[in-house]
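Student: Before anything else, here's the structure in question.
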Amino acid sequence: MMHFKSGLELTELQNMTVPEDDNISNDSNDFTEVENGQINSKFISDRESRRSLTNSHLEKKKCDEYIPGTTSLGMSVFNLSNAIMGSGILGLAFALANTGILLFLVLLTSVTLLSIYSINLLLICSKETGCMVYEKLGEQVFGTTGKFVIFGATSLQNTGAMLSYLFIVKNELPSAIKFLMGKEETFSAWYVDGRVLVVIVTFGIILPLCLLKNLGYLGYTSGFSLSCMVFFLIVVIYKKFQIPCIVPELNSTISANSTNADTCTPKYVTLNSKTVYALPTIAFAFVCHPSVLPIYSELKDRSQKKMQMVSNISFFAMFVMYFLTAIFGYLTFYDNVQSDLLHKYQGKDDILILTVRLAVIVAVILTVPVLFFTVRSSLFELAKKTKFNLCRHTVVTCILLVVINLLVISIPSMKDIFGVVGVTSANMLIFILPSSLYLKITDQDGDKGTQRIWAALFLGLGVLFSLVSIPLVIYDWACSSSSDEGH
């Protein structure tokens with residue numbers, strides 16, 4: 001994906017200047033619903049999030065505290081697309097293989113539309129409270145508990161993304177090194193062991209970058225990451241017409257024709273023990289919510305309607321890209337596809353695959369520090385240790401990287417990362433938090449009865465998603481072995 005949702009989250013959430021009186025839109029459309037200069041909301045009382053809408057106050061804010069956005073609609077679409085795109089794209093073909101084409105299309109379409117709706121709820125909450133940062137919005141509505149919950153959800157999502165990126169390094173770097181050495185894929189040595197390589201990369205490259213006081217150019221790696229994934233999509237489509245369907249070895253009781261027909265025929269609806277990972281993987285692929293409000297705050301002539309248009313365009317573009325990657329990846333390998341689609345492409349003399357593999361590896365290595373910076377900053381914020389201290393900065397960085405490496409080494413498959421993060425933090429950020437915030441903010445508004453019913457149903461859907469998916473994922477772990485994918 002690659003998601004690289006990271007660049008925006010970090011540069012915007014951590015380095016963006018947010019005015020004390022959170023943003024007053026310079027688009028007059030934001031104030032058409034207001035009469036007599038007031039909003040009937042108990043959340044307006046706090047000065048840090050208040051928007052007094054009298055003309056004189058608006059003029060004052062423009063002069064001293066209000067900072068208008070400067071980013072065009074097109075660039076905002078690009079930024080939000082960067083925020084959506086991540087490593088989840090590598091797992092979508094596996095999700096399709098375990099649901100079938102029709103069921104996958106229904107799930108992908110549903111999550112896309114529901115994600116757009118959740119962003120609409122988030123924008124309404126931002127407009128009502130004036131908050132332009134997700135964590136501050138949670139604190140404004142639910143107090144310290146809300147702040148902690150949102151910090152926890154975003155940190156878990158970013159940690160899951162880091163795990164998936166380092167898992168890509170663990171999976172793909174050995175193949176790239178073997179190719180450059182002219183060795184077969186079966187070649188074995190300590191210097192092509194993914195577990196060793198991920199530790200070397202982490203402490204040789206990622207650690208020094210994570211120790212930097214600020215990100216600098218790393219905040220702009222998301223554009224490179226998105227380019228890498230567009231390149232990956234092109235290669236996936238191209239390889240579909242180059243790689244023949246792989247037929248497993250036959251035993252004496254099965255004929256070649258029947259096996260080939262069964263293996264190389266697309267399935268439209270499939271249900272098995274791995275189907276449970278489909279929805280969490282798709283949800284993981286669409287999480288971008290912590291970046292929405294910072295992008296909104298930077299949008300030129302911003303309004304809720306304009307930001308919703310940015311959201312609609314970005315999600316539609318990612319929907320097309322995700323579906324193409326999933327369908328062409330599936331039609332190349334059918335039931336043999338793995339949860340890391342890129343790892344399935346092997347070829348001793350295939351320069352094109354080597355190129356895309358190296359591009360993705362470089363992209364994820366440069367993206368991990370961006371996500372790491374956000375997680376570490378969140379921890380320091382929660383601990384109220386925001387003043388820079390080199391010793392604490394170094395110790396916390398090393399401890400977090402050691403823990404992350406231990407998890408990456410022990411995790412058998414990328415689907416496990418998608419499954420856990422998808423049913424927990426992704427579900428919280430897409431379904432539960434936006435609907436909960438909206439219901440709390442509008443609990444005194446009798447004019448929004450219908451909208452509140454839809455938001456309540458949306459919240460119930462998120463809770464149901466958790467209650468069903470979490471036990472099924474745990475059950476699959478208990479019943480399955482990592483040998484299912486040959487890792």
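Yeah, the Cβs are placed from backbone N, Cα and C, and that goes for glycine too.
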Student: Of the residues Asn15, Asn79, Asn251, which is given the N-linked glycosylation site tag by Swiss-Prot?
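Tutor: Of Asn15, Asn79, Asn251, Swiss-Prot lists Asn251 as: N-linked glycosylation site.
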Student: Could you identify, going by Swiss-Prot, the member of Cys228, Cys264 that forms a disulphide bond with Cys245?
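Tutor: Disulfide mapping in Swiss-Prot sends Cys245 to Cys264.
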Student: Same side of the membrane for Ser72 and Ile474, as recorded in Swiss-Prot?
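Tutor: They are annotated on opposite sides of the bilayer.
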Student: For the candidates Asn257, Asn312, I need the one that Swiss-Prot annotates as N-linked glycosylation site.
Tutor: Asn257
Student: List, by number or range, the same-chain residues at least 6 past the topological domain 'Extracellular' (98-112) whose CB is under 8 A from its CB atoms?
Tutor: 92, 266-272, 274-275, 277-279, 282-283, 286, 315-316, 318-319, 322-323, 326-327, 330, 430
Student: Between 0 and 100, where does the mean pLDDT of the topological domain 'Cytoplasmic' (372-393) sit?
Tutor: 82
Student: Could you give me the DSSP helix, strand and coil counts for the topological domain 'Cytoplasmic' (372-393)?
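Tutor: Within the topological domain 'Cytoplasmic' (372-393) the tally stands at 15 helix, 0 strand, 7 coil.
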Student: What does DSSP give as the helix, strand and coil breakdown of the topological domain 'Extracellular' (98-112)?
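Tutor: Counts, helix then strand then coil: 12 helix, 0 strand, 3 coil.
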Student: Sort Cys264 (disulfide bond) into helix, strand or coil using the DSSP assignment.
Tutor: coil
